[in-house]
Amino acid sequence: MFRTISNIFRVGDLRRKVIFTLLMLIVFRIGSFIPVPGTNREVLDFVDQANAFGFLNTFGGGALGNFSIFAMGIMPYITASIVMQLLQMDVVPKFAEWAKEGEAGRRKLAQFTRYGTIVLGFIQALGMSVGFNNFFPGLIPNPSVSVYLFIALVLTAGTAFLMWLGEQITAKGVGNGISIIIFAGIAAGIPNGLNLIYSTRIQDAGEQLFLNIVVILLLALAILAIIVGVIFVQQALRKIPVQYAKRLVGRNPVGGQSTHLPLKVNAAGVIPVIFALSLFIFPPTVAGLFGSDHPVAAWVIETFDYTHPIGMAVYALLIIGFTYFYTFIQVNPERMAENLKKQGGYIPGIRPGKATQTYITRILYRLTFVGSLFLAVVAILPVFFIKFADLPQAIQIGGTGLLIVVGVALDTMKQIEAQLIKRSYKGFIK
């Protein structure tokens, strides 16, 4: 790992990509501190907020707590992406057709995803501006329809800029731009979290100091165990044996070798967690339009609180559902079976074609069950950590944040390593 990091700066092209990515993240962090005009951020207080707003603040690197131009983060884009992927599943025939057209079709779908981001972002921004002014009186000193619309437009523009920033990182930097931005937001909150632990559990602890240190050490061990578990599950594979039949090409026998088909335990990576989080946050944000005094809005806000038993169950089910959904987008058993048949390959004891497809699908369902359950369990661990250690809710230790940070870090390092390997072998190819 450390060798890979040192090698990055020896390759000019890769070095430029890494520097470009870092510069884009600096722009993101600067924007997180630029407040929306016409607002008073001093009235916002997200300490001990264990609801959707606390989540959004954590994953935006504190941008929501500053009520900055990036307060909504990249979540509307993720929600729009989910909607577009659902519509591609023969719901909208034109979208399904574009999905099969390769690069040209993907460009058209990406354009519609951008349009969807703007629409959903504006709805969410309007709900956020009205709702936050109800929750935190004085946030908008002179509320009116025109002021609310202006603030919604500024927040939507901030999300659109982040979307563009993510696309630039993907095209000219390293890793998936959207995931990198979310990663940066979570990582930016780590120093504040550590400082909060110190101020609440170490500073002026008195006679409780030793006990608090023991609890914090146990917590650190638990977090380390989660990180190891996440890496293990992300790297775990099920190897299905594949045999290729011998055939004659001219007078030479070709094929006959044995290999394997690798299926990951968690083929979807951390994308299901990001998708679930985006969808989980959306309803309470929109409910904010009606204020906490409205009975239905109050119920939605309370239910979509991840410390609430129902909210916890909904969040876990969303993660499990999206893991299955995204796994079968990433891995297509029908296409795999078809390719094996065309190449003269078969799984020992399984007939080529439909039987192979059914076999791969069955194994994929079992693997995904384990992977999705692991993601769901780890994602809701912060609730138990916080209660066990009696820590402020704002710290949001472990769980979703750890999954995203470790998952994105692993994926990015793999991409960088692949780039390094490609450059190392360039001389042999020539």
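Backbone N, Cα and C define each Cβ position, glycine as well.
The transmembrane segment annotation in Swiss-Prot covers 18-38 (among others), and the record cites sequence analysis as its basis.
The transmembrane segment annotation in Swiss-Prot covers 67-87 (among others) and is backed by sequence analysis.
Sequence annotations record features per position, and here Swiss-Prot assigns transmembrane segment to 118-138 (among others) based on sequence analysis.
Below 8 angstroms of C-beta separation, residues 24, 27-28, 31, 36-39, 68-77, 114, 117-118, 121-122, 125-126, 128-130, 177-178, 181 of the same chain, each at least six residues beyond the ends of the transmembrane segment (145-165), sit close to that stretch. The transmembrane segment annotation in Swiss-Prot covers 145-165 (among others).
According to Swiss-Prot, the transmembrane segment annotation covers 177-197 (among others), on the basis of sequence analysis.
Sequence annotations record features per position, and here Swiss-Prot assigns transmembrane segment to 213-233 (among others) based on sequence analysis.
According to Swiss-Prot, the transmembrane segment annotation covers 270-290 (among others), on the basis of sequence analysis.
The transmembrane segment annotation in Swiss-Prot covers 309-329 (among others) and is backed by sequence analysis.
The transmembrane segment feature in Swiss-Prot is assigned to 369-389 (among others).
Here Swiss-Prot flags 390-410 (among others) as transmembrane segment.
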Check for me, if you would, whether the transmembrane segment (118-138) reaches the transmembrane segment (270-290) - at least 3 Cβ pairs under 8 Å, residues 6 or more apart in sequence.
yes
Which residues of the same chain, at least 6 past either end of the transmembrane segment (309-329), have a Cβ under 8 Å from a Cβ in it?
82, 85, 266-268, 271-273, 275-276, 279-280, 303, 364-365, 368, 371-373, 375-377, 379-380, 383
Below 8 angstroms Cβ to Cβ, which residues of this chain, lying six or more residues outside the transmembrane segment (67-87), approach it?
28, 31-36, 39, 41, 44, 56, 59-60, 95, 109, 112-114, 116-117, 119-121, 124-125, 128, 132, 139, 154-159, 161-163, 166, 178, 181-182, 185, 274-275, 277-279, 281-282, 322, 325, 329
By a Cβ-Cβ criterion of under 8 Å, what residues six or more beyond either terminus of the transmembrane segment (270-290) are in contact with it?
51-53, 55-56, 59, 75, 78-79, 81-82, 120, 123-124, 126-128, 130-132, 134-135, 179, 182, 296-297, 300-301, 304-306, 311, 314-315, 318-319, 321-323, 325-326, 372, 375, 379, 400, 403-404, 407-408, 411
